[in-house]
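> What Swiss-Prot records for this protein is below:
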type: TRANSMEM; residues: 11-31; note: transmembrane segment
type: TRANSMEM; residues: 47-67; note: transmembrane segment
type: TRANSMEM; residues: 76-96; note: transmembrane segment
type: TRANSMEM; residues: 101-121; note: transmembrane segment
type: TRANSMEM; residues: 134-154; note: transmembrane segment
type: TRANSMEM; residues: 160-180; note: transmembrane segment
type: TRANSMEM; residues: 205-225; note: transmembrane segment
type: TRANSMEM; residues: 243-263; note: transmembrane segment
type: TRANSMEM; residues: 271-291; note: transmembrane segment
type: TRANSMEM; residues: 299-319; note: transmembrane segment
type: TRANSMEM; residues: 331-351; note: transmembrane segment
type: TRANSMEM; residues: 358-378; note: transmembrane segment
Amino acid sequence: MQNINQIKLTWISFFSYAFTGALIVITGMIMGDIADYFNLSVSEMSNIFTFLNAGILISIFLNSWLIDLISIKKQLIFGFLFSIIAILGIVFSTSILLFSINIFILGLVSGITMSIGTFIITCLYSGEKRGSQLLLTDSFFSMSGMIFPIISAYLLDRKILWYWIYVFLGIIYFLIFILTVKSHFPVSEEKTKNNNEIKNLNINIILLSISALLYILGQLSFISWVPQYTTEIININIKKTGVLVSNFWMAYMIGMWCFSFIIKFFNLQRMFIFLTGSSSVLMYCFIYSKSYLALKYTIISLGFFSSAIYTIIITLASLETKKPSAKLINLILFFGTIGTLLTFIITSPIVAKKGLYTTLIFSNVLYVIVFFLSCIIFKNSKKKDHC
C-alpha cells in the first residue's frame, strides 16, 4: 500500500514538470496567434513571457514559507482551482490586460507545483536514487515541450482557436488533482519541519545556488542565439538551423533518461565535474566549428552531456542537509529561474554591441565558471568528510 502511494506521489512530481514545460512552450508557440487575436504586434506581445516568468519566480520564492503554513495536498488542490479560473479567464479574455493577469496566475500555479514536485522527490528518495528520480522528473519537462507543440500545430492547422490549447494544458493539472486526492502526503507534515536547516547556509549551498544561476543563464543564452548565429555567421539555412536546435533538445531529453540510470553507479560530485567540464569543451568546439556536420554532432553531444547538470545541482544541494529542506530546494529553483529571467536582459545588449559570436563565448565562459565551481564544491566536500 505504501509502495502504491509512493508511485502516486512520484507521478504527481512527473506531471508537475510536464505542466510547467507545456505552459512555457505553448505560450511561445502561439505568440503570433495571440497577437493577431488582440490586434497587437508580436513585439508588443513579448511581455507575456515577463508575466509568466515573474509568476513562476515569485511563487517559488513564496512557497519556501507557504509550505510551512499550508499542507502540500491543500496547495495542489488550490492550484487546480486556480488553474481552472486562469484557463477560463484566458478563454474569455477580452483584453490583453486580462490575458496577462491570467497567464501570471498560471505562472504562480506552475512555480508552486514544480517546487512541490521537486520537494516530493527529494523526500521520497535519497542518495544516487534521488538524483536518478529527479532526472526522470526533469525529462517530463522536455517531453511535454515536445508533445504540446505537435498538439498546438494540429489544433491551429484545423483553424481551432489558440485558447483551446490551454484547455488541453488543464488536463495535466486535472491528473495531478486526481492523484492528489487519492494520495497520502506524509512528507507535508514531517519533512517541512526541517526547513530551519537552511539558516545554517554552508559555502557549498551558496556555490550550488550560483552554479544553478550561471548554468541556466549560460544554457539559455547559448541555445537562444544559436539560430541567429548559424544563419547569419555560418550562413546555414533556417531549416537546418531548426534541426540543430531540435537535435539539442532531443539529445537533452535522451541524456536525462540515460543519466537517470548511469548516475546510480557514480559519485555525484565527480559526475558534476565531468559533465560541466565536457559541456564546456563541447560548447567551445561548437563555437569554433564551421561545417554543418560538425555543428550537428557537437550540439547533439552538448545536449546529451549537459542534460544532467541542473538536476545534479539540485540533488547535491538537497544532500547538504541531514533531511530534505523545502526552503533549500526552492532556493536552487529560485536562482535557476533568475538565470532564465536574466537571459535576454544580459545577452541582448551584448548582441547589439559586440555581436552573436561574443554572446556565445559569454555562454561558454559561464559554463567554464560552473566547472571551476564544481571543483571547489568537490574540494570543500572532501574537507568536510575528513573533519
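Any Cβ shown, glycine's included, is placed from N, Cα and C.
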> Give residue numbers and ranges for long-range contacts of the transmembrane segment (11-31): same chain, 6 or more residues beyond its ends, CB-CB under 8 A.
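Here the qualifying positions are 42, 45-46, 48-49, 52, 56, 76, 103, 106-107, 110-111, 113-114, 116-118, 120-121, 133, 136-138, 140-145, 147-149, 152-153, 156, 162, 165-166, 169, 172-173, 175-176, 179-180, 183.
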> Hey, which bits of the same chain come close to the transmembrane segment (331-351), Cβ under 8 Å, at least six residues off its ends?
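Distant contacts of the transmembrane segment (331-351): 53-54, 56-57, 60-61, 64, 111, 114-115, 118, 198, 205, 208-210, 212-217, 220-221, 224-225, 310, 313-314, 317, 358-359, 362.
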> Select the range from 47-67, 76-96, 101-121, 134-154, 271-291 that forms the most Cβ-Cβ pairs under 8 Å with the transmembrane segment (358-378).
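Out of the listed stretches, 271-291 contacts the transmembrane segment (358-378) most.
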> Which residues, given as numbers and ranges, are at least 6 beyond the ends of the transmembrane segment (76-96) yet have a Cβ under 8 Å from it?
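Cβ under 8 Å, 6 or more out: 12, 38, 40, 45, 70, 102-103, 105-106, 108-109, 112-113, 116, 163, 166-167, 169-170, 173-174, 176-177, 180-181.
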> Apart from its near flanks, which chain residues at least 6 from the ends of the transmembrane segment (47-67) lie with a Cβ under 8 angstroms of it?
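For the transmembrane segment (47-67), the sequence-distant neighbours (Cβ-Cβ under 8 Å, at least 6 residues beyond its ends) are 20, 23-24, 27-28, 31, 34, 75, 99-101, 103-112, 114-116, 119, 188, 192, 195, 326-327, 330-331, 333-334, 337-338, 340-341.
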> Which residues of the same chain, at least 6 past either end of the transmembrane segment (101-121), have a Cβ under 8 Å from a Cβ in it?
9-10, 12-17, 19-20, 23, 27, 48, 51-60, 62-63, 66-67, 72, 75-76, 79, 82-83, 85-87, 89-90, 93, 130, 133-134, 137, 166, 173, 176, 187, 191, 314, 324, 326, 329-330, 333, 337
